[in-house]
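Participant: Checked TrEMBL, it gives:
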TRANSMEM  B:12-35  transmembrane segment
TRANSMEM  B:65-84  transmembrane segment
TRANSMEM  B:96-116  transmembrane segment
TRANSMEM  B:136-159  transmembrane segment
TRANSMEM  B:188-211  transmembrane segment
TRANSMEM  B:217-234  transmembrane segment
TRANSMEM  B:241-259  transmembrane segment
TRANSMEM  B:265-285  transmembrane segment
Amino acid sequence: MRLFVKVALATGLALGASQASAQQAVKVGALYPFSGGLALLGDESFRGLEIAVEERNAAGGLNGKKIELVRGDAVDPNQAVGEARRLTSVEKVSAIFGTYSSSLAIAATQVAQLAGVPYFELGAISDPITERGLKYVFRTNPTSKDFANRMVDSVVEAVAPALNLDPKTLKIGIIHEDSLYGQTVSAFQQTRAKEKGLNLVETLPYSAKSVDLTPVILRLKSAGVDVVLQTSYQNDTVLFFRQMKDQGFKPKAVIGAGGGYSTRDTAQAVGNENIEGALNVDFPQYRTNPQAAPGIDEFVKKYQAKYGIAPRSGHSLTNYMGANVFLDAMAASKDLKADTIRESLLKVDVPLGKTATGWGVKFDEKGQNTRVSPFLMQWQGGELVTVFPPEAAVAKLKTGVGSN
Amino acid sequence: MDVLVQLILNGILLGSMYAIISVGLTLIFGIVRVVNFAHGEFLMVGMYAVYLLGTHLGLNPYVSIVPVVILLFVLGALVQRFIIQPLLGADEHIQIFATVGLSTALVNLALLVFGADLYSLTVPSARQAISVGGNTMLVGQIVMFICAVVLVAGLHFFMQTTALGRAIRATAQNRNAALLMGVRVDRVYVFTFGLGAACVGLASALLIPLYPVTPTIGTYFVLTAFVVVVLGGMRSIYGAFAGAMIIGIVDSLSGYYIAPDLKEVVYFAIFILILIFKPTGLFGFGRGTE
């Protein structure tokens, strides 16, 4: 009997203790690919969230409660579902932040929606994530449609003026790898090019595993294409630039859709002198005018202090910016219920140029941020610098590609 | 017209790349009778080896051919001796699973060691473009073509004139008869597997100047190599060479005249047609030798 009382007391105490700590902390999930092939940029994305949370905790947390990050490792869509279930049912998190990769986000958001837990997407660009009418799914970053539109609009607003030419006289060629990513972006590009009345002369899909892109390049060359819009991964980007040089194809401009165009590896494999002048549409990188992106320099300093290296890509910055938006909204909703968070998110109204990425914030009914667009960047002297829009630019757009 | 000549030239150069990889696969497939799904990963291992030799010891990839061919020969021989040989009596599905497993293990090992980043070795001499009548070719591609021809001729000479070559041919024709004639069939297998892998070693040194290396680079080439091997008649190195040239030229022409994303459709259609009319492949030995 005595023993029983002791055990009961101990259990009671333990329960009480855990309840007390639960009251002091708000658990939020961080669902990213931390291992496997996507791990590098998954982890880079997570660092932005981690810095935002630490900042918030240092400033007193969410209405006096500490925020506790619970990691979920999503290597593939199956595991994303499993980890989202664990976070919502076992860990009982108040919200999930993620995800970097679109296929992971599409799988995990459904689980969170069923559990009635808000899901905050900070990095995946596939349009359907916020188009399926999931009530508690919100996204701060631009979608693939925004990427495609920015690429086509750049031809009209940035490339043609720099060349002193009427955009309608330029021959446009779209090339893209033929998986979901390339298909989606190029379909939006074709629609936009038609809207803008541009002269689209070639649309060429190819397999990202091609070992020879010479036929694609010869097609572009025979059609006399002036501006190439490419949606690609790393290997095919490298192959395209190398073979473009081999075949002596000299377009007036080449614009990439992030992906293979954004990494330093690509530039090194192609050679800085060959990628010089290549344009790229992507999330804001660090060479952005701080006046259009207040807080960007402070973020880089904090990142350096915490991880001891410069940020490896712009992913951490976009995740940091988005995490702050959602943490603000959570702070504004006292009970942390999904419906109140949704209400306060729909009220958020930040004008353009007032966040660390230079974006504004205004969510539509579907949960997509409408005040965002990726920036136009250019490889200059081995670095990717922002050249458009003018308020975010740190350098002037140069014409020509490579040493041609 | 200019474009046509350029496309055919390009196809031949592409074909010689497939030829070197496929000749190795033919040896393993046709003689050891193992469907080696790890063939592409051998290529990947070879390319990383060439890359490391190039960055750490400053070796030109064409000099690295010697150590890498030896390395891959040893790797192939070890795989045959310690993975395939214990399974020779087992069902052939088991052997296939063993090579699939090996392939997955090698890809993930590379991911662990090198990460998913791509590495490339700059070899300006191999990337120099030569212009012949307005058509461009890279030095590296021409070297590849010469190597493919020399490799096929060398293997022909080896198979026809040496005792070991005769033993290999005997084993390929009838394993049991060869065994009865005193051929050490297990050793022939180990040697042949090593030889097949060594061809990939040659290919990896020739590919490095043209393609960056990633853990999954093998999958870019190996499916086409299987098509080439079957097209060529499974066991014939000349067949593999001819098959590679056909695939290379078809790949190049259909990519331009039809559509870049439909070129696989075209060459698989040709592949199916050839199999319908000549089920043993272009240089097959007739029915029953599959």
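Note: Cβ is positioned from N, Cα and C throughout, glycine not excepted.
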Participant: Mind checking which residues of the chain, 6+ beyond the ends of the transmembrane segment (B:188-211), have their Cβ under 8 Å from one of its Cβ atoms?
Facilitator: 17, 20-21, 23-28, 31-32, 34, 36, 39, 42-47, 49-51, 54, 61-62, 64-65, 68-77, 79-81, 84-85, 88, 120-121, 123, 126-127, 138, 140-141, 143-144, 147, 151, 164, 167-168, 171, 178, 217, 220
Participant: Decide whether the stretches the transmembrane segment (B:136-159) and the transmembrane segment (B:65-84) have at least 3 CB pairs under 8 angstroms, with pairs required to be 6 or more apart in sequence.
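Facilitator: Checked: the transmembrane segment (B:136-159) vs the transmembrane segment (B:65-84), no contact.
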Participant: Please identify the stretch among B:12-35, B:96-116, B:217-234, B:265-285 with the greatest number of Cβ pairs below 8 Å relative to the transmembrane segment (B:241-259).
Facilitator: B:12-35
Participant: Give the one range among B:12-35, B:65-84, B:217-234 whose Cβ atoms make the most pairs under 8 Å with those of the transmembrane segment (B:96-116).
Facilitator: B:65-84
